[in-house]
Amino acid sequence: MRKSLITLGLASVIGTSSFLIPFTSKTASAETLDEKKQKIESKQSEVASSIEAKEKELTELQENQSKIEKELKDINDKALDTSNKIEDKKEENDKTKEEIKKLKKEIKETEARIEKRNEILKKRVRSLQESGGSQGYIDVLLGSTSFGDFISRATAVSSIVDADKDLIKQQEQDKAKLEDSEADLNDKLKEVQAALAKLETMQKDLDKQLNEKDKLFDEAKASQKKTAKAISELKSEASELANQKANTEAEQARIKKEQEAAAALIKKQEEAQKASDETQTDDSQTATTESSKASSSDDSSDNSSDNSSNGSSNSSSNGSSSKKSSGSNSNSGGTVISNSGGIEGAISVGSSIVGQSPYKFGGGRTQSDINNRIFDCSSFVRWAYASAGVNLGPVGGTTTDTLVGRGQAVSASEMKRGDLVFFDTYKTNGHVGIYLGNGTFLNDNTSHGVSVDSMSNPYWKAAFKGVVRRVVQ
């Protein structure tokens, strides 16, 4: 009977192991996908912030371009107005020059007439001097035939003299007037030329401003184009990240579904194992009863045989009792093992393979895995403490579910070095490690294998629900 029960137990363990091995990659993938999703969401946040900043930058560039366009229009209007004024001043300048030229011609003509008249007067004076001066006038008067003729001749002579004087005076006045007009026109010409020079300087300055604004306008357009392109690229990246996140979530959902199915199957197998253990206990009790009856029968028939049988029965009973008691101790909860060096011994042994031991779901349950230092989280904790003389369960039967029942529960605020800390990863209490103090713990995880991690890490912080067990003190 015992042999058949052992065979059944081995078959159960082998069956469970064959199921756990392919499940390893799924658990690892689930945790890796969580990290990937966190990275994607972090990148999405960065991209969203970049898009917002770039869109704000684009708006500012567009506003700046509109401002430059208005300034360009104002400068262009001023340049056009200045150009028209320059043309008007040039025309006025040419007209003034023409008027000056005309006045100069008139002045020369007047001067010529005055000069001509002066020559005539000079001849008359010369003639009078040659003829005796006043004697000539007397001869004219004495040559009159009557008194009336005398009066007429005297009046005529006086009129000629006065006319010559008036003509000379008028010519002098005309000349002075022309010279004044010429001076006025020269002053006007200077003013026109000064205004023209000022306008031309203004035109050059406006042309310079136009060139500068054109350059700024081109730069603004180029910046807008560059920023718009950056926004387009960021939006494409955001779209790609959204697709990656959707794919990751879909993969997470698929793995979660498979894990739930696997967990259900494991639970079913555990229930079957429990039923098998109960059957084994019942069979053991039946065998003991039958053996006792047989022993009593032997006692009644033979004294010497009775003593021998009793010795054998006692030996068997003691052995059975010892084994049962040992099994109870290894699986019982609520007992804190006293081992002063166990904690530091376990931590020392476990720390010795940090960074050197890969994670394997279901690993550490064969001698080959143990020799090669290949564990999962629960088998690593069991091995570390076992190496320090603390028994937390059998090699093939220690899981997070059995470890969470070991020792005594303590609050997270009271946990200390050596306590077991549990995390809700792919299931409740799906991961376990040894608390080191200062917010760190020693564990074997899918990402880094055996490592020392911080409980303030966002992933572990979210997974830690305050489950702590003290197994050694």
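Even glycines carry a Cβ here, placed using N, Cα and C.
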For the record in Swiss-Prot, which of the ranges 31-52, 207-228 is the region 'Disordered' one?
31-52
What number of additional C-beta atoms lies within 10 angstroms of the C-beta atom of Cys377 (active site, nucleophile)?
26
Beyond the flanks of the region 'Disordered' (79-98) by at least 6 residues, Cβ under 8 Å
185, 188-189, 192-193, 195-196, 199-200, 202-203, 206-207, 210
His431 (active site, proton acceptor) and Cys377 (active site, nucleophile), distance between Cα atoms, whole Å:
6
Reduced DSSP state (H/G/I helix, E/B strand, rest coil) at Asn443 (active site) is strand
In the chain carrying Asn443 (active site), residues 6 or more apart in sequence that have Cβ under 8 angstroms from it
Cys377, Phe380, Val381, His431, Val432, Gly433, Ile434, Val450, Ser451, Asp453
Using DSSP, how many residues in the compositional bias 'Polar residues' (241-250) fall into helix, strand and coil?
10 helix, 0 strand, 0 coil
